[in-house]
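Just below is one structure, and these are the notes that go with it.
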Amino acid sequence: MQGVELCNFVQNFNEIKMPLMKAVTPLYDICLKTVHLYIYSYCARVLYRSLKLAELNCFLTKTIPTNILDDLLLFHENSKNISTQDWITIDDPVSFYFYKATLHPNIQKFQAKNYRPCVSYWKCLFETSFANMKVLNLALSCNDAILKMISKYCPNLEWLNATCKYERMNLGINATSFSISVTDVGLAYLCDCKKLKVLTINDPRSAVPGLGSSITYQGIRKLLREVKTLEDITYTDIGAVIASNMEDVESLNLNVVRHFNGTKSTLSEIFRLCKNIQELYLMFFINVDNRHEDFIQRPANMNQFKYLENLFIDGHALDLLNVTKFLTENAQKLNHANVDSLFEEISLPATIQHIELGRRLELSRAGVKKMIDRFTNLRQGDEYLQTKSVLLQALGLGLFIYVICSLSQTLNYYAKCSFFVLGAMFSAAVLPIPSLLIYPIRDPRIGLIPALGTRFLMWLLGITYEVRGKEHINREKGGVIVINHQSGIDLAVIARIWPLIGRGTTVVKKFVLYVFPFGPGAWLWGTLYIDRKNHKDTITKLDKECDAIKNRSNKIVIFPEGTRSQEDELLPFKKGPFHISIQSQSMIQPIVVSKYHFLSDKRKFFGKGHTIIKVLPEISCQGLTKDDLPQLLEKTRNLMQATFTELSQETKNSFVS
C-alpha cells in the first residue's frame, strides 16, 4: 500500500461514512506513505495509529467542524516521521490554529491560499516551524512585514511566491494602504535570503491609477546584486518600474538572470520614456505569444531610440516584414544586432545566417535572404570574419611595432630586450616538458631543447654566432669552463656550447631561481644556484660539484667576473672557479666571446650583429695546490683578455651600426 486518498466524492458523505470506516480499519498497522484528507475527513480518527506517515496534505475549509480538528490534531501528533519534502497547505484562518500547534519542524514546503495576511498569525508560524523551509507560496497573502519575517526565520528559502491579487482592491481594502503591498523595503529584507533561486512578485498598487508602483528599479537591482543565487525572477510590472527610473539610461540589460518575464505594457513604457538607450538587451525577456502585440511590429517605437547602436532581442512573435523594415532603415546606425526567433514551427525552412553589418548582425530565423541582400559589404561566415579580424589586428599591431621601432632606437632596444626575455622564459618553462618524459629531473640533457629554442630566438633578433676551437672540447673529461660575461644574452652563448660540452652545469646567483618561470625551468636541467651571503652553503654545494667532476665527468660553466661588463677590459676574476678546478684536480677550459658591438645598455642600442665564440685549449690543474691559485687565475685572465681583444677587433671591423 503506497497511499490512500479520502475524498468528498459524493454529495452526502454520511451515506458512505460507516462502510468507508470499515474499509479503512484494516489499514491500522500498514505503513502508509501518503494520506490526502479532503473536507469532511471523519476517517482521520481511524488512521492516527499510522506512525510512519510520509506526506500529509490537508485542504481544509471554513465549514470544517471543531471535532474534526481534534481528530486531525490527534492524528498529526502521532505522525512524527513526516519527510522533509512535505507540502503543508493552509486555506483559511480556522486552519491556522491546527497548523500552529502541529507543524512538524522538518517541513520544507508551505503554501497559503486565499488567506488575507495577518502579521501576528504569520509570526507564530515562522518562529515555530519555518527554519528549514525551502519552498514558500504566499500568493495573495504577502506584504513587507511578512517579507521581513521570511528573511529572519527562513534562511534556507529557495523558492518564493510573494504576489498579491489585483481583485483585492474590490474587497473594501484601502488602495493606498501598504498592508497588501510589497515595496523596495520588502525587497531589501529578501537580500538576507542568500539561497533564494526563484522569486515571483508583483505590486497591486501599480494597477490603481494615480498611485504608481511602490517597487523601483533600484530595489530590484539591489536584490540582484545581493542575492547571487537568483536564477528566475517574475515581476509583472517590471516595465513601468524600469521606465519610471531610467529616463537617462544608456545601456539596458535585462539578461541578468536566466528568465525575466514581462508583459506587453512593459515594452511600451520602455519605448515611451527611455530615449537615450545605446545598448538594448532583451534576450529571454519578452515572454509573449501571438495573442499579444510585440514591440517589433511597430518599427516607429524602435525609431525613437536615436542613439541605439547594439540591439539584442528575443524574437517571440516577431513579424518578419517589420523586422526587415526596421533593420533596413537602421542598417547604418547599428553596430551589432542579434535577432533570435525561438519559433520551431515556421513555414519557411529554418536557416541560421551570420552576416557582417557594421560589426555584426546575427539572424536566427528563416526567410531572411531578401533583407540580407539589401545590406552592403555582405560576407558570409561569422567564424571566418572573427578569425580574419584577429589576424588583421595581429598583423596591424606587428606592423605598428615595427614602424615605431624603426623610428626610435630606444624603443627598438626595449622591444628587442622584452622579446628576448619573454622568449627565454618560454624556452625555459615550456620546451623542457618533452624531455621530462625521457630524462630524470636535473639531467643536463633536459636543457638541449631549450638551448635549441634560444638559438632560434637569437636568429629572429638578427644575431648570428660562430663557434671556433670545438676540437679543444673533451666531452668525456670533467672540469671548469670559464666564460667572459657581457650581458643577459650570454644565455645564448651557453645555448650554443651546451650540446658540445657533454654533462654541463651552470652556476648562477640564487636570485635567478625566483625569476619565474625561467628560474624553476633552469633548475630542471641542473643549474646550481648559490647565495654569496651564505658562504658555508656555497662551499658545501661546490664541494659536491667537485665530486661530480671527478666521478661523473661533469663540467661546471661559470662567469669568473661575477657580473656583467661591456667594457674593452675584462673585470677581475673571482677565485671560486679556480678553487674548484684545483680541488678536483681537473682542468680550466677558457671560452671567450667577442664584444657585443651591436648591443649597448648605456646608449639603449640593440641592432643586428655577428658574435665569435672561441674555445681555448684547456689548462691542466693536475698537481696544483692552493698556493698556485693566483698564478693560475692570472694566466687564465691574461689569455682570455688577449683573445677577447683580438676577436672584438675582428667583429668590430665587420659591424655596421
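For all residues, glycine too, the Cβ spot is worked out from N, Cα and C.
Taken from TrEMBL, the feature domain 'Phospholipid/glycerol acyltransferase' covers 479-596.
What TrEMBL records for 390-407 (among others) is transmembrane segment.
Annotation comment: TrEMBL describes 419-441 (among others) as transmembrane segment. Long-range Cβ contacts of the transmembrane segment (419-441) within its own chain (Cβ-Cβ under 8 Å, at least 6 residues beyond either end) map to 447-450, 452-454, 457, 460-461, 488-489, 491, 517-518, 520-522, 524-525.
The transmembrane segment feature in TrEMBL is assigned to 447-467 (among others).
Same-chain residues lying 6+ beyond the ends of the transmembrane segment (511-530) with a Cβ under 8 Å from its Cβ atoms: 424-425, 427-429, 432, 436, 441-447, 450, 504-505, 537-538, 541-542, 545, 556. Marked as transmembrane segment by TrEMBL: 511-530 (among others).
Counting same-chain residues at least six beyond the ends of the transmembrane segment (390-407), those with a Cβ under 8 angstroms from any Cβ of the stretch are 415-416. Residues 416, 419-420, 423-424, 426-428, 431-432, 434-435, 489, 491-500, 504, 521-522, 524-526, 598, 606-615 of the same chain, all 6+ positions outside the transmembrane segment (447-467), place their C-beta atoms under 8 angstroms from a C-beta of that stretch. Across the domain 'Phospholipid/glycerol acyltransferase' (479-596), DSSP helix (H, G, I), strand (E, B) and coil residues number 52 helix, 25 strand, 41 coil.
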